[in-house]
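Q: Following this message is one structure expressed as structure tokens.
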């Protein structure tokens, strides 16, 4: 192989990988996003409180995040392809066993733990391999891949509602598990990217004697070479820590609206068929937001962290306004605003992570970021459920989510200030030093 193959192709077979990741996003994140349709059914079946039932989603989200470092380590050790296939089998097992519906603990273990692990082992390597295949078009590629979540959620909303009405919530879980087996097919299409070439490049660099210019690897080539071991030392980098804290607070909020949107609509007396359409509206505007923001970010007009800060501010505002809805039309409008700004946020937050740590550490950073963010995903839904139980109103959960996002935006601002300070420091250090000699022509002669 030639050394040039070590550069991200920014196209070619990379688009096949993007389409595969698009499908994986739909078969994992979209299923999690529309699981709110099962919330009331499971709550009524086991006669439990909202806070108790919400632990199913909480466990799924927590394991989804906690499994990310394991998935990233396995990607480094083996291949992204193998890990995605494993994730598909785990996701199917979680839904298929959840079909038995023995008790709430059983639901925590199956549709909670196994499904969460399957999503983690599928989602993490899928989004990671897209970033490796693209460099200049990374923001656009990530936006297209992540758009699979809302594209599938658009159809999954009414489809899952129909499955529940026809086969009950247990039968619907079994059918959904069978559909998730297609994750394995997507994994097969995720061909490893020139790993042999990277090893050869590293090997030749160490063996060639110093002074031979032809043996050196360009800085651009080095930036695409990933570490062969998991880098836990990222937790010592202030920039990564700030972004991880943002991730915790964001995760506390992101999973609350989809969980309580359906119960909120029921509390307003909206018919079930119209309620399912809210999830479809959410998916459509989410899809538009991702593609539009990905296209805009690809123009490199605005710094990605600035773009993310703006979208977080807008999504928190929409969440604060959503509880003001008192009928289907107003609820649909506010849901549309929330969905659009959520899509713009998801489109760029992985790209910002790559910008913060660089591609050599990206696999490790993605796993660590998901691990740390898991605390927010684990605490968020039960905390919102507790607040809902105490207030006796589903609107309280949305207020909590909006306030938490406002706080998370503060850490993005701090991160940006730290990055700017470091950039100014680097520019100062790289400026050529002025000569201290009185006459430029009197420089000492060089010894030959």
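For all residues, glycine too, the Cβ spot is worked out from N, Cα and C.
Annotations in TrEMBL come from automatic prediction, not curation.
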Q: Looking at 216-235, 396-415, which one does TrEMBL call transmembrane segment?
A: 396-415
Q: Tell me which of 331-353, 423-445 corresponds to the transmembrane segment entry in TrEMBL.
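A: That would be 331-353, per the transmembrane segment entry in TrEMBL.
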Q: Flag the pair the transmembrane segment (55-76) / the transmembrane segment (112-133) as in contact if three or more Cβ pairs fall under 8 Å (sequence separation 6 or more).
A: yes
Q: Cβ pairs under 8 Å with the transmembrane segment (240-262): which stretch of 83-106, 274-293, 331-353, 365-384, 396-415 has the most?
A: 365-384
Q: When you scan the chain for residues with a C-beta under 8 Å from the transmembrane segment (12-35), skipping those not six or more beyond its ends, what do you find?
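A: Long-range Cβ neighbours of the transmembrane segment (12-35): 56-57, 60-61, 64, 84, 87-88, 91, 111, 115, 118-119, 122-123, 126-127, 129-130, 133-134, 141, 144-153, 156-157, 160, 176, 179-180, 182-183, 186-187, 189-191, 255, 258-259, 279, 283.
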Q: May I ask you to check whether the transmembrane segment (172-190) and the transmembrane segment (112-133) make contact, with contact taken as at least three Cβ pairs under 8 Å and only pairs 6 or more apart in sequence counted?
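A: Yes, the transmembrane segment (172-190) and the transmembrane segment (112-133) are in contact.
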Q: Against the transmembrane segment (331-353), which of these stretches has the most C-beta pairs under 8 Å: 140-160, 274-293, 305-325, 396-415?
A: 274-293
Q: Can you tell me which of 83-106, 365-384, 396-415 gets the most C-beta pairs within less than 8 Å of the transmembrane segment (305-325)?
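A: Stretch with maximum Cβ contacts: 396-415.
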